[in-house]
DNA sequence: AGCACGCCGACT
DNA sequence: GTCGGCGTGCTC
C-alpha cells in the first residue's frame, strides 16, 4: 500500500500543510510527486498537488485519492523544492506558490450540483423545488442559490431525496482535434482500393487520397473539405479498420499565421565580444555565476543574449529569457523567433488562458528550448536549464505585487544555482542593488559603454517649465519643444512624446475653495475619465458622476486638473493642426492586437507623432524618430517612495534611448519643474555612474537598500483604532524579538491611509542581518490567525517591497 | 476557504 | 417545541 502527501487547493493558514491519502491500487505506480490529483476534503472535493509518495502514514483514517489529473508531474522535483523556498521567503501558502508556477488554465474550478436521486421521489420533495426538476435531474447550485433557501435543500439532502455533488473542473482543456490516419500499410491499402466497387465512389476517393499522399494522417475537418465528402463515408472506412480515428492535442498558436524572417548571428563588436567571453566560459564550465550586463541603450545587448543562447542550445540545454511585459512587443518576439524559429515559446499577458497553457505545454513536453516571457516565465518547467537572462533588470514589474510576492530576479538566481548555469541581468540603468553587488564582485560586471556603430547618444535639453510659465506660456509645451516638433514636421521626420502618468492623476478640484473630490471609500482623489464622463477610484473601482458644482461651496468653477493623452493630443493639434498623431495609452491599446497595429502604423510613417504613456518608454526602435519629448519628467519625484529618484533616472534614460538609433541623429527635450534635481540632470548627461554614487550616499544616509534590507508589514481593518492598536502590538513584539541593530519604524498610517473602507497602518523593518526574520514574521501571522479569520483583520507582509504604498 | 455542528433567541 | 441566526472547529 502506498500513500501520498498532498497540498490541497485551499489557501488558508489552517490548511497550509500536507494531508495524507491512500493511493488506489490502479495508480500505485503512476502517482508521482508533482502531479495534480483530486481528493476528498471534508464534504467536498478539491484539487491538490502530490508532494511525497510514501509507504506509510501516521494518520489512521485515510481516504483514497479520487482522481489522478496528470500523466507526468507538472511540477518537477526542482519546482517542488522551489515551492518550499518561495513559501519560506515570501511567507505565502504552499498552494499559492505552486499555483504561481503554473499557467492559470491549470487552476481548478469548482462546481456544486444538486442531483435528484429518484424521479419517483419528485412528489415527495418540497413544492418549491419541484418546478426546477420538471425537465431535468440536475441543477447547478449557482442557478438556484438565490431562488431557494439553502435549508430547504439541506433538508431534502438529509432525507436522501437530493444529493449534493462537488465537482472539480479544469479551467481550460487541451484543444483536441479529430485526426484520421491509415491503419494498414501501403500494399494493403492499394489492395483494398482495387477491391472497392464503382458504387463506393467516395470511399475510393478517400483511399486514393491516402495512396497518393505523403502524410499518413490528416485532421478530419481538412479531409472532409479537401475531398468534399461526408463524415459517413470516412466512418465506414474506420469501421472496416482501414482508417483509424483519433483525438490529438493541437496547440492554439498565437503566432501561427505569421512568418519570421530568419536571422543569422551578427558580427559582434569588440565590446560585445569582450562581454560574451566570460558568459560562454561559464556555460562551458557549467558554472553558476550572475552577470550584470550594464549596456547603454542601443549597445546591442540583445545580440549578446542571442549568441549566448545559441551556445546553450548547442550544449543541448535550455534557456529562459525574461522581458518586461511592456516591452514584450512583436519586435522583441521577432528577434528571438527569427533566430531560433519554432524552438521558442512565448509567454505574456496578451495571450488567452488557452494560448498560455499551450505554450506552457510545449515547454513541458520539451518541444521548445527557449522561453521568452514576462515575470512568471521564470517558472518554465525546463529540467536542463543552461541560462537565464533577465532583460531590463531594473524593471519593477519583475516583482509580483500579490501573493506570493516574489521577485523574478531572486527566483532566477535560485534556479541558476540549482542548475549550475549562468544568470545574466541586463540593463542600461541597473538597480542600485544589482550595481552594488557587481561593485562588490558578487555579480560579474560586463560593460557595453558604446552604442553599436558608435552612434552618439542624442543630445538632451532640459527645459524649466517654471521659466516658461513666467514668460507667459501656460500650455504644457515649451516654446522649445514646439519649435522642434515643427521642424520635424517640416523635414518629414518623426517624434515621440512621452507623458509620465505615474504619480500623476487627473483629479477634480474646485477653483474657488480648493476642494478636491475624493473617493468615499479610500483616501485618494478620484480620477476623471473623459470617456464615460465620470470619476473613478483606481483602488476600489468606485465610480460617480462628474459634478456640475462644488459639493462644498456650490461654486460652478469646478474642473479637472491634470493631463491625459487625449488632452495633450488636443493641445498639440491647436498648435500644429497638420500633425498626424497616434495616441497610445490604456484606452487605445486595450483591444487585442491594438498595441501592435498602432506601432506598425507609426513604423510605416503614417503618423508624425507618437504620443503615449509608460508603454512607449522602451523597446521601440524606429529609424525615422529624431525627437523625443518628455512632457512631465518629475511627476514621480513627489511620491512617497525611496526609489523615486532612481525610477525617474531610469525612465528618462530609457525614453531618451528611443531617439536617433539609426543614421539620423536624435534630440531629446525634457520638460520639468525641478530641472536642478540630480536624477534629471544626470539622466540628461547619461551619467549613470555619478547618479549611482549620489543616490548611494542618500540611501546610506537614510538606511535604505542596498545598505539595508527592507520589509513592510501593512495592517488593515475597517476600524481605525483596531488597525492602529494591532500595528502597535506588532511593532512592540518585533522590537522584542529582533536584534537591536534592526530599525523598526511605526506604527504609522500608510501613504494611502484608507482603501475600500479599510484603514491601513504599517510598520517598516530595516535590517542588515536578521536570521530569524521569516520565523518571527510567521509568528506574528500565527498569533493573529484567529482575528484574521474571524475579525476581518488583514496583515500583509512584503519582504523587499518595491513601493511603500 | 467552506462546511457541519451546536448553542441560543424568536417564532408558530 | 422548532426554526434559523452565527460562533467554533475541522478538513487526511
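Quick reminder: no glycine exception, Cβ is built from N, Cα and C everywhere.
Curation does not apply to TrEMBL; its annotations are automatic.
According to TrEMBL:
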type: BINDING; residues: A:510, A:513, A:550, A:553; note: Zn(2+) 1 binding site
type: BINDING; residues: A:519, A:522, A:537, A:540; note: Zn(2+) 2 binding site
type: DOMAIN; residues: A:282-448; note: domain 'Helicase ATP-binding'
type: DOMAIN; residues: A:545-698; note: domain 'Helicase C-terminal'
### Message
Spatially, which candidate from the binding-site residues A:513, A:550, A:553 is nearest to residue A:522 (Zn(2+) 2 binding site), comparing Cα atoms?
### Response
A:550
### Query
Given the Zn(2+) 1 site residues A:510, A:513, A:550, A:553, which other residues of that chain have a Cβ within 8 Å of the mean position of their Cβ atoms, reported in sequence order?
A:511, A:512, A:514, A:515, A:551, A:552, A:554, A:555, A:557, A:558
### For the domain 'Helicase ATP-binding' (A:282-448), the mean pLDDT of the predicted model
94
### Query
From the Cα of residue A:519 (Zn(2+) 2 binding site) across to the Cα of residue A:553 (Zn(2+) 1 binding site), what is the distance in angstrom?
18
### Query
Near the Cβ of residue A:537 (Zn(2+) 2 binding site), how many other Cβ atoms are there if near means within 10 Å?
20
### Query
In DSSP terms, helix, strand or coil for residue A:522 (Zn(2+) 2 binding site)?
coil
### Other C-beta atoms that fall within 10 angstroms of the C-beta of residue A:513 (Zn(2+) 1 binding site)
13
### Query
Tell me which residues of the chain lie with their Cβ under 8 angstroms from that of residue A:510 (Zn(2+) 1 binding site), as long as they are six or more apart in sequence?
A:516, A:550, A:552, A:553, A:555, A:557, A:558
## Note on the structure
Rounding to whole Å, the Cα atoms of residue A:540 (Zn(2+) 2 binding site) and residue A:513 (Zn(2+) 1 binding site) are apart by 27
### Query
Taking A:519, A:522, A:540, A:550, A:553 as the binding-site residues to compare, which has the smallest set of other Cβ atoms within 10 Å?
A:553
### Query
For residue A:513 (Zn(2+) 1 binding site) and residue A:519 (Zn(2+) 2 binding site), what Cα-Cα distance in Å is obtained after rounding to a whole number?
18
